[in-house]
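Listed in TrEMBL:
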- Arg11, His12, Gly13, Lys14, Thr15, Ile16, Leu17, Asn18, Arg61: substrate binding site (BINDING)
- His12: active site, tele-phosphohistidine intermediate (ACT_SITE)
- Glu88: active site, proton donor/acceptor (ACT_SITE)
- His182: site 'Transition state stabilizer' (SITE)
Amino acid sequence: MSTKVTFYIARHGKTILNTLGKVQGWSDSPLTHEGAKVAKYLGAGLSDIQFSSAYCSDLRRTHETINIILEHHRQKSVKVVEKTEFREVCFGSYESDPTNNMWKDAALYLQYKSSKDLLRDVFDVKKNITYEQVANVIKKLDELGMAEGFDEVEKRTQKALLEIAKKESKGNEEKNVLIVAHGMCIKFMLQNLGGRDLVTDDLGNASVCKVFFKDGKFKVESMGDMSYVEKGKKLIKMK
């Protein structure tokens, strides 16, 4: 029997490229004032949870976010470990282009009239279209041959998640682990672990996906939970 590990997997705060509506995979940009503020709220909202370890990707926006979270969580003793495996999906030639262009191209390839129609079906569990098909289409359309397919991202992210889970599940005490990563990579990592049935919209900046690990198995409890941010916002306003 292994010890239960609870993962709190958060998306980074809003960035300049997010604000400009640009594709942001391996390309990077700093948090906006709003992005830093929501990370602050998340830190306060998680303040009653003691983390045994903390991880982020190797991109600046996750570093900035997790440092703000831990600063306002008041648990500065936790060392942040960088994991390249938690990097966002690479979108190849679409990097830093308008996001609408990429989604429009994917929609047309999949015979949708608009990106809005495509996204509507992606978030409908009754439909057969998922992020897996969309990612693989973007990989096909990428003129540079650099874009990652679904399987590549799922494999690297789940490998890192399992390594951490096995490490943290040793011993007799239950553990809580904080991970700050990226919207698409989180969805790809958790889709086939049970996340697909829980996603009804894009993961908001600083939203949390809660995942349990016990006896070698993962269970996705929630996806895109903004309640920790709202809780932190109230706590900070009360001070």
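Keep in mind that glycine also has a Cβ here, set from the backbone N, Cα and C atoms.
Overlay of TrEMBL annotations on the structure.
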{"residue": "Arg11", "record": "substrate binding site", "Cβ neighbours (10 Å)": "28"}
{"residue": "His12", "record": "active site, tele-phosphohistidine intermediate", "Cβ neighbours (10 Å)": "29"}
{"residue": "Gly13", "record": "substrate binding site", "Cβ neighbours (10 Å)": "29"}
{"residue": "Thr15", "record": "substrate binding site", "Cβ neighbours (10 Å)": "23"}
{"residue": "Leu17", "record": "substrate binding site", "Cβ neighbours (10 Å)": "20"}
{"residue": "Arg61", "record": "substrate binding site", "Cβ neighbours (10 Å)": "28"}
{"residue": "Glu88", "record": "active site, proton donor/acceptor", "Cβ neighbours (10 Å)": "26"}
{"residue": "His182", "record": "site 'Transition state stabilizer'", "Cβ neighbours (10 Å)": "25"}
Inset, instruction - Would you kindly give the Cα-Cα distance separating His182 (site 'Transition state stabilizer') and Gly13 (substrate binding site), rounded to the nearest Å? - result: 9
Legend entry - His182 (site 'Transition state stabilizer') and His12 (active site, tele-phosphohistidine intermediate), distance between Cα atoms, whole Å: 6
Legend entry - Pairwise Cα distance for Arg11 (substrate binding site)/His182 (site 'Transition state stabilizer') [Å, integer]: 5
Inset, instruction - Between the Cα atoms of the residue listed as 'active site, proton donor/acceptor' and Arg61 (substrate binding site), find the distance and write it as a whole number of Å. - result: 11
Inset, instruction - Calculate the distance in Å between the alpha carbons (Cα) of Arg61 (substrate binding site) and His182 (site 'Transition state stabilizer'), and round it to a whole number. - result: 9
Inset, instruction - Using C-alpha atoms only, work out the spacing between His182 (site 'Transition state stabilizer') and Thr15 (substrate binding site) and round it to an integer in Å. - result: 12
Legend entry - Additional residues around substrate, ordered along the sequence, whose Cβ is within 8 Å of the centroid of Arg11, His12, Gly13, Lys14, Thr15, Ile16, Leu17, Asn18, Arg61: Thr19, Gln24, Ser29, Leu31, Thr32, Gly35, Thr65, Asn205
Inset, instruction - Using DSSP reduced to three states, classify Leu17 (substrate binding site) as helix, strand or coil. - result: helix
